[in-house]
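Report on one structure; see the data block that follows.
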Ligand SMILES: Nc1ncnc2c1ncn2[C@@H]1O[C@H](COP(=O)(O)OP(=O)(O)OP(=O)(O)O)[C@@H](O)[C@H]1O
Ligand SMILES: Nc1ncnc2c1ncn2[C@@H]1O[C@H](COP(=O)(O)OP(=O)(O)OP(=O)(O)O)[C@@H](O)[C@H]1O
Ligand SMILES: [Mg+2]
Ligand SMILES: [Mg+2]
């Protein structure tokens, strides 16, 4: 059927080279594949969330995909007002009959890049720089640590969060300082889950001749040869599928959990990082993928109990 | 004052000059729109259409207006006393704590209209408290109030972040915000109120604090022009020597005025926290405190002028959001620039057009020095 | 010590000039012709002609606001005259800015020192004549030059001292050195002794005489007749923007100058009955006021004012009258002493609450209505309650009763014949005389036990003066006490039942209202009569 | 040894973090010393950072980026100058206005030109000021103590860092050893003295304001094309105000400014490194406290509890010949 989709990005904007950009890529791909036009909106402040959703709904847009956990409050208000409109939210669960909630097993993907990091590091030390200190980002960190320890039990993982407020997503200078500090302490690989702040992390790693690990989108190409890999979160797939499911009359509400098994998370493997991934590493990461999918390895989700045993 | 002292007709002083200053600001903004390759007239169309063209738009415009009335009044009251309160942002932020504490404590037990006076008081007290310290330092220790209020904006932001992250945050929540208030901690929206009496209008965040804002205007007007305190405030702001001569306690006046100013700024929290967001969240002040400076300058520190300037800025904010939908290249940052330009032309360069106007409207200059 | 010596200086930009020994010639150093300067509609200077002889000390006197400073600022290029010509050494000069004035050899010591407080003496001296992009060279040159000037004119000073740490007298010395360093040939001093102790003033005069003897021309502006008599060769008198006379000092007298300066020829006689003084309303005991720098402005003053009498305080302005009034009125803090109002002390040393004093029956007409007594941007109504804003009749609780205020303002304005009789008119739009009537109405209609009144008729036309004087007498006859401060001798004499004369912060004598102008004038100038032993002791420090 | 190394690294980080503060602080020093208050340092820095990021990206030249940054910043400074000097407007209001205009325009133009949410694209290395290895840094690295100090702390910063540090003695020299400096200090204290000495108050103040523009331009460039590899929205994040606080803290003196800025940079660096560290007795110091510390210290100073900060006497008021 004909659909009239719309996307509301989070504050980072659709060109954040990360999370939102991934959503944008999905919408764009759908538009190119099917010739369907879509509308999107970049927020400038919190009150606009509701406004944008309501506005799109009123104008008859369907489905409306909202990106980011911060949209939850607004969506909880707007979705009931438009029971016939289909909404999807990424990264958060909103339990309403016309809302599809898509969440990812970031810990699984982080496990894989942690494993790669530990194998690539010569110093037995790796680092992690998070954005805002929230359970979601802790889950990234915890999976990463578990993966790294699995590859090298002696490894030391430095972990820093950029801040406690939204500004932490957009502070490349501080990200760079944190990464530098970890590198100065001996870290050979630094993984970031910090949105715009990550640009500073990857830059610092590249400047120091060390390796960075990107997040959300495939960031391998930002500093080719200096980014070990990226923990790709297939937000694009989630957005694409939301559009496609409605068009194909296969829409379902409820919670979609996308992990390794569902291809929802992955490690980025492309020509930019080919030389960095040895055969041994490749074999290990592929084995780990299989084991996780098979349930042989259980990656701990920080959000389940708010603790990280690693 | 540095203004040339020649007297202009009242309508020129209070009507034409602000209008010219505003026009200058808008013209420069138009140039910026041209610079990014869009049509300024189309932008104006969407601005007006988006802010006044339909019910929800009007609701949003008035919701923003509410914020600006409060912060504009805050700057204006201080200005009448010759004080520049640049700390409305921090005072409002801290006042959010007062409003939220009242709502969090009471919302489960009593209806909103019983919570309301406590929230109002909480906001006013916390806002006033945050203004009191710079006021005290100015009055008693001679610290420049502009600098201290700037510093207090930053300190407020750190304090609030600490409280939200470490104390008020819901365990396990992603966002550093308080829990969402239930009915007993929410001011009704205007569309809800009208629904009770059978009128249906479109939804918007416009809530009862708009009425509070209008009442505040009347109260500020009465305070400034009808009370002994207001008289003393104006005397101090116009001629401090005369205030000393008249036996007014200048230190005390400074502190009291700043407390009133801070309390008014604190009402912003009523609109945002209890009226719209129904929870205390980071940075809910979103720069509205600073817009108050522009509003007070444009409105010449008079409540009527402030209401008009607030509506204008409300239109800019709402229309600007609409503009961003329709002309994606013109993001809402455009509005920030326009704001800056208005402050520049209506504030810092307010006398730019005076010499020319004097030539036009005053044939022979009347001397100021009535000896 | 003659002109050759002066010419041999190699200070910057010294114009080469020949002076005859003794430096008394008829050639003029400065000639002003038809100078006019208006600020708005106020003529600060009107058709001024002035000739100053080379190598002389020329005094200019005049009451406050007479236009002296303005005229000197024009000569120094700080202001531009609206009309008129300036000749320096016979040559027509257009003095477009101070740089130009300096370059033709004019130096000025301003009434308010133009020194940078946190700079050293040396830095102040070289400011503007640094002699190069960096300072080192110019500074050492200035240091040497300073030493030479110090030797030559006995102007010793530590070049590295900070200005703010120097006493005023030395600060002034820096100003003089600044001018000399720039090669000044004509030195203008604007009220140089206003801030000096008598000993410092004497020292200054010796320096000035020495400078004159070396061929410099000196223009000395002052209020103080004694100084004029002591040091000048010629005196010009200004009044209300105009130059009223120029006389040879030796051929004039203090009396004549006093009259030229303050006196109006139309003597306004006020009809009044002899006073019938009643009980003591105000008693001032040993009141002393010291300013921030520790200079004593009011020095151990004691007197009293009784019901039904007017006590006038005469004196050249700047002799402590203003501070005396402000201290009694609770506006500034006294450092010691006591003031009793109706036998109850008021806390003058704690800076009494002006409001409370009003409630206790003291009304105050301040000297400067614009600076203090009025809020000119407010309408008449709001000015009518200034200081009385808390009275019950002007409102209930926290609110003002605008109706009552309007009504009362209307009554007061009618009573005092304020024109236009529009209570809602902004005070700025009334003429000066009518503004003054507003202040007087506010203070007099309150039925005070005592009225402090400063300069009641400053800048007010003759009709209004008469009116104001009449009202003051009426108030006295109604049994009220009045303390009057005025620099107008006529006014003091025609109103007062008793006259106190202040000089250098002290009350140097008391006369009754019939004292002659000459006698008072002498006292005001700090010259006491032989028989006035008591006051002489107080008045003459040396 | 371990401690020394950590300490050196913290100092190194503090140095990098204090450089933009230092440049902005010195910028403010020139303006305020001339009697023009400037709370628009933030806006000028932000405008400059954007110009540097955008032009460096387009031209692939760091130097052109720097030049553009200076041009934009001087332009904004002249607006402030025109409002405060010629129009005799309120200097605070003018500064506020400039902060708004810069915040709005940089984000707006950034989005319009690069469509990256107000960011400029990531810069290639040749468009940035890259770290410079001082001579012998490598070979001296292993010399105990001095090697650490020289190779880690002193070496390996971008040109702008060295420029900022050099600006301190240079400013000191200008202020206290040149004619311009003498006049500058004088005009901020008593413009009447300058005017009666026959020097143009207006010209002096414009010159001062322009120097402020130049230094803010360098500060902004440092943020976007040296410290980071591109501009991002609201990149200054209050640094202009911290610089202002530092200026007050430094009592408007250049050498003190170095100290104050380094102190504030050091606090920041410690806050970054010591994240989550539990101190004995005090417990964990909240990061927010560390962030607010510069402002708190400044208020305490202003209140006269530690020393007294006396601003240039003529600051904040336009000069009028008429009384
Ligand atoms: N600044 C002003 N603005 C407007 N009108 C003014 C101003 N100053 C004076 N006027 C008007 O001009 C008239 C003349 O004022 P001016 O002070 O010259 O009068 P005057 O002749 O000196 O009167 P008086 O003798 O009472 O002092 C006044 O009636 C007043 O209304
Ligand atoms: N810049 C100015 N603007 C407006 N009016 C001025 C200005 N300067 C002086 N006047 C007015 O010009 C007149 C002459 O002032 P001036 O300062 O020359 O008097 P003065 O004789 O030096 O008085 P004083 O003895 O008090 O120093 C006064 O009425 C004064 O108010
Ligand atoms: Mg008159
Ligand atoms: Mg004078």
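These residue numbers are counts, starting from 1, taken along the chain as shown.
From the backbone N, Cα and C atoms, a Cβ is placed for every residue, glycine too.
TrEMBL annotations: computationally assigned, not manually curated.
Counting only same-chain residues 6+ beyond the ends of the transmembrane segment (B:12-37), those with a CB under 8 A from a CB of the stretch are 43, 298, 300, 305, 312, 329-330, 334, 337-338, 341-342, 344-346, 349-350, 352-354, 357, 361. Residues or ranges marked as transmembrane segment in TrEMBL: B:12-37 (among others).
Taken from TrEMBL, the feature transmembrane segment applies to B:68-86 (among others). A Cβ distance under 8 Å defines the sequence-distant neighbours of the transmembrane segment (B:68-86), meaning residues of its chain 6+ beyond its ends; these are 92, 131, 135, 138, 145-146, 149-150, 153, 213-214, 216-217, 220, 223-224, 230, 233-234, 236-238, 240, 253-254, 257-258, 260-262, 264-265, 267-268, 271, 288-293, 295-296, 299, 301-303, 306-307, 309-310, 313-314.
The feature transmembrane segment is assigned by TrEMBL to B:117-137 (among others). If you look at the transmembrane segment (B:117-137), the same-chain residues 6 or more away from its ends with a CB under 8 A from one of its CBs are 83, 85, 87, 90-92, 94-103, 105-106, 143, 145, 148-149, 152, 156, 185, 212, 254-255, 257-267, 269-270, 273-274.
Residues or ranges marked as transmembrane segment by TrEMBL: B:143-165 (among others).
The feature transmembrane segment is assigned by TrEMBL to B:206-224 (among others). With a cut-off of 8 Å between Cβ atoms, the residues of this chain six or more beyond the transmembrane segment (B:206-224) that come close are 59-60, 62-63, 65-66, 69-70, 73, 76-77, 80, 120, 187-191, 193, 230, 233-234, 260, 264, 267, 270-271, 274-276, 302-304, 306-307.
Here TrEMBL flags B:244-268 (among others) as transmembrane segment. Beyond the ends of the transmembrane segment (B:244-268), by six or more residues, the same chain brings 67, 70-71, 73-75, 77-78, 80-81, 83, 85, 87-89, 91-92, 94-95, 98-99, 120, 123-132, 134-136, 138-140, 145, 209, 212-213, 216, 220, 223, 229, 232-233, 235-236, 285, 288-289, 292 to within a C-beta distance below 8 angstroms of the stretch.
Away from its own ends, the transmembrane segment (B:280-298) comes close to residues 18, 21-22, 67-76, 79, 86-93, 96-97, 99-100, 153, 157, 160-161, 164, 168, 175-178, 265, 268-269, 272-273, 305-306, 308-310, 312-313, 336, 339, 342-343, 346-347, 350 of its chain (Cβ-Cβ under 8 Å, at least six residues beyond either end). The feature transmembrane segment is assigned by TrEMBL to B:280-298 (among others).
Summarising the annotation, TrEMBL assigns transmembrane segment to B:304-325 (among others).
Within the same chain, residues 2-4, 17-18, 20-22, 24-26, 28-29, 32-33, 43, 287, 290-291, 293-294, 297-298, 313, 316-317, 320, 323 sit at least 6 positions outside the transmembrane segment (B:334-353) and bring their C-beta atoms closer than 8 Å to a C-beta of that stretch. Under the heading transmembrane segment, TrEMBL lists B:334-353 (among others).
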Long-range Cβ neighbours of the transmembrane segment (B:143-165) (under 8 Å; 6 or more residues past either end): 83-87, 89-91, 93-94, 96-97, 130-131, 133-135, 137, 176-178, 258, 280-283, 289
